Amino acid sequence: MRAVRWHGKKDVRVDNVPDPEIVNPRDAIIRVTSTAICGSDLHLYDGMIPSMQAGDILGHEFMGEVVALGKGVTNLRIGDRVVVPFTIACGQCFFCEKTLTSLCDNSNPADNQDIAEAMMGHSPSGLFGYSHMLGGYAGGQAELVRVPFADTGCFKVPAHLTDDQVLFLSDILPTGWMAAENAEIEKGDTVAVWGAGPVGQFAIRSAFLLGAERVIAIDHRPGRLALAAEAGAETIDFEDVDVMAALAETTGGNGPDRCIDAVGMEAHGLAIDNIQDRAKQAIGIGTDRPHVLRQAIVACRKGGTISMPGVYGGLLDNLPMGAFVNKGLTLKTGQTHVHRYMQPLLERIEAGDIKPDVIISHRLSLSEAPGAYDDFLNKQDEFTKVVMQP
Ligand code: NAD
Ligand code: ZN
């Protein structure tokens with residue numbers, strides 16, 4: 001089959017590789033019909049996530065049709081049309097039973113789990129196409145993909161909804177939603193969202209649905225800010241405006257009630273090849289971008305909440321902890337517990353509350369992946385979201 005593989009920093013190729021096979025009784029094989037490139041994939045493309053190996057198949061946002069099933073899968077049939085959450089979860093451990101599926105204890109048997117544990121204390125769940133630290137699973141930017149724990153990892157979708165309408169249930173729609181939920185929004189709140197990428201776009205729309213009166217989107221891509229404005233957000237271009245002053249002024253000096261960091265490791269393009277360099281970047285050496293999380297902590301109103309869907313990979317020093325403590329802030333974060341949100345968000349899509357396909361800017365074939373990665377990184381105005389059809 002053909003698959004998009006990582007060969008090194010800024011080196012993504014479409015290669016012929018062996019088809020995946022059933023390895024465990026709870027596996028399924030999916031023929032992929034649609035797959036997207038995520039902002040998280042850009043962290044891999046930029047070489048910011050450790051323990052990628054040349055030849056790893058990328059992709060964690062995908063859907064398709066079940067073409068093979070292990071003997072232990074009970075609730076799927078060949079031919080079922082499914083969306084697959086990017087977090088791999090057994091469905092049975094302590095964490096899965098609490099619907100904290102991105103913290104599953106049984107889905108990260110990685111050879112490099114020691115790196116994960118050294119960095120994080122405990123290992124999080126495995127992810128598709130996201131390094132050997134997170135399970136070393138082949139991703140879904142391919143014609144076929146193996147889905148472990150398929151009975152929890154495959155979410156059946158109704159025939160009347162198109163791929164474009166349901167594909168983002170795999171990651172960024174639940175991620176934007178959980179970001180807004182984690183922000184603990186109360187009716188009438190003003191919510192600031194840093195990053196008007198796909199995650200930010202869904203966080204903005206979710207914030208309104210959860211009761212925000214005002215949402216302020218911060219980015220420097222006019223096209224993405226325009227899309228945020230279409231959803232009703234006020235916008236700040238951080239290249240033209242002093243973000244901190246603008247946020248203070250527009251909230252009568254209080255600051256936004258809730259702040260969402262939908263950017264993460266924003267220093268795309270830095271040469272970061274090892275942990276030491278990443279640690280330097282974390283304290284601001286070599287980056288000329290304002291640091292989003294620090295801005296969020298300082299801008300937020302006293303007693304407010306910071307929600308951080310944005311992904312960070314290593315150390316992040318120089319956080320204004322004094323402000324954090326003395327302002328009595330709350331910080332909530334995490335990889336998204338996707339499984340928990342798929343059914344309620346499917347109902348939102350069916351009811352027309354959320355139209356996920358508004359963010360799609362390009363539909364390409366799998367063979368166009370190398371250019372698509374480059375464009376999604378460098379022409380973010382035009383390339384809001386790329387969907388590929390293998
Ligand atoms: P993206 O790269 O498409 O969008 C990021 C946006 O942030 C861009 O539009 C960029 O212009 C903007 N930005 C950069 N620096 C900024 C700054 N200083 N201030 C304001 N905006 C700035 O990525 P995405 O797909 O929207 O994902 C956003 C983040 O969410 C990434 O870190 C990604 O890894 C993360 N993510 C997390 C989860 C999760 O489970 N927690 C899931 C998916 C994605
Ligand atoms: Zn993603």
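Heads up, the Cβ atoms here are built off N, Cα and C, so glycines get one too.
Copied from TrEMBL, the annotated features are:
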DOMAIN    25-158  domain 'Alcohol dehydrogenase-like N-terminal'
DOMAIN    198-267  domain 'Alcohol dehydrogenase-like C-terminal'
Tell me the residue counts in helix, strand and coil for the domain 'Alcohol dehydrogenase-like C-terminal' (198-267), as DSSP assigns them. 29 helix, 14 strand, 27 coil
Is it possible to list how many residues within the domain 'Alcohol dehydrogenase-like N-terminal' (25-158) are helical, extended or coil according to DSSP? 29 helix, 37 strand, 68 coil
